[in-house]
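Asks: Quick one: this structure, given as structure tokens, is what I'll be asking you about.
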Amino acid sequence: MLVSGIHIGIYSRREREKEEEECETMEAPKLLLLILLIPCDLFIGKSLGDGVTHEEAKELRDEVREMFYHAFNGYMNHAFPRDELRPLSCGGEDTLGGYALTLIDSLDTLALLGDRERFTASVEWIGKNLRFDINKTVSIFETTIRILGGLISAHLIASDHNTGMRIPSYDDELLHLAEDLARRMLPAFDTPTGIPFGSITSTAGGGTLTLEFGILSRLTNDPIFEQVAKNAVRGLWARRSKINLVGAHIDVFSGEWTQKDAGIGTSIDSFYEYLLKAYLLFGDEEYLFIFQEAYKAAMKYLFNDPWYVEVNMNSAALVWPLFNSLQAFWPGLQVLAGDIEPAIRTHAAFFSVWKRYGFTPEGFNLATLSVQQGQKSYPLRPELIESTYWLYKATRDPRYLDAGREILASLQYGARCTCGYCHISDVEFHKQEDHMESFFLAETQDSAKLTKTSSPSSFSDSPGLLLLPNPINLGLHPAILTPKPAKHCCETS
């Protein structure tokens, strides 16, 4: 498959058939009758002609715009400059350090929607008011994907006329903030393993820094950021099991795995995602090699078509027969890798859970076919809509527009509240909770791209742009390589 002009031949049909033959002779986790027990045909069985019309797509695009501004205005009117909105009580709360987090997470969506006035005003406010010289304990992982990623993405948009959203008075203020923030995080990488310590030492946390830190090195001409991020990936991969699986949590000082459950969801998800996207963005063959090996192992030991389970990283023995909502990014990643057939089947399975409850719970037990106790919430995660977008881009199958319409309808009916959109604390009873993650406003990017018409009304339709959404389980900031930074990126790498 061609992705942004790059051919990724990572997993051929012959390789899969060979591995399926090998699996017949070895013991592997099996979940009996799962394909039959969950009605994926509700999605798979739709004909190609059952999608939305051009007029309906325009209506959906307008609806996405209205959804964004309902939440954005709610935040600006009732919570700004605190980090996040309490949408039921119409107040604010600081959840990551008091950095106007939701505004930062909203910048690239404002640009995508063509809102020059608010984008410019927001960039100018952040440049004048945001400072990191305060004593706060923060998560390296969350700070990187939300704040650092948001600043870098908005800088690339504001600084280059090719985006159509260049700010004439902009003087790299966001880039300077991003560099300052990243330098303050560098001491976290001073560990024997090279894996950074943070509030949570997960595999995703250690392996989900390469894009932001890599781009920052190219923009600042300082290789240190990319070096520490790459060393963290190497540190994790060097401690993989003999069957090329990684666990969920690791001791960054001893290098010992403290949680040996391997999966594609919670605590591991973006490790896989950033490997492939780092290769696509930088052309670094080392990232591609690691991704190929890790992906093949995941498909051999974690894939129970069309679902994915968690197994022991050493023995591949089944640990948890669970679908968790963070797994929903995987079909989109498979599209980028060119492995579309299993992506279609898995997306259909995941979407069937959404259709059953109106949302995806944090955990769905594949053995009992019910919501996992203690994992009934839906915190407005964007992974399913992101995969829906990528599958539509790859197939042009209107069923994915239809899926987007159903997802938006669920959000409007079940999550919309007084000042924004609420967490759902229980997907079975659609009980609302007074919290809205900042990434909900970044999430609407993929909804907007999925439902937009062919009219080139925003920078995402401009020629010469590489629009590559970042990981998305927690943030969806686009890594936009316009001609100027793209040329610099290629020369540097």
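Yeah, the Cβs are placed from backbone N, Cα and C, and that goes for glycine too.
According to TrEMBL, the record shows the following:
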- Glu142: active site, proton donor (ACT_SITE)
- Asp269: active site (ACT_SITE)
- Glu362: active site, proton donor (ACT_SITE)
- Glu383: active site (ACT_SITE)
Asks: Given the active-site residues Glu142, Asp269, Glu383, find the one whose Cα is closest in space to the Cα of Glu362 (active site, proton donor).
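Replies: Nearest listed residue in space: Glu383.
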Asks: Starting from the Cβ of Glu383 (active site), draw a 10 Å sphere and report how many other Cβ atoms land inside it.
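Replies: Neighbour count, Cβ to Cβ under the 10 Å cut-off: 28.
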Asks: Please report the Cα separation of Glu142 (active site, proton donor) and Asp269 (active site) in Å, rounded to an integer.
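Replies: Checking the Cα atoms of Glu142 (active site, proton donor) and Asp269 (active site) gives a distance of 14 Å.
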Asks: Between the Cα atoms of Asp269 (active site) and Glu383 (active site), what distance do you get, rounded to the nearest Å?
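Replies: That comes out at 11 Å between the alpha carbons.
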Asks: Taking DSSP as the reference, which of helix, strand or coil describes Glu362 (active site, proton donor)?
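Replies: DSSP assigns Glu362 (active site, proton donor) to coil.
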Asks: If you count other Cβ atoms within 10 Å of each one's Cβ, which of the active-site residues Glu142, Asp269, Glu362 has the most?
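Replies: Answer returned by the neighbour count: Asp269.
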Asks: Check Glu142 (active site, proton donor) against DSSP and tell me helix, strand or coil, would you?
Replies: helix
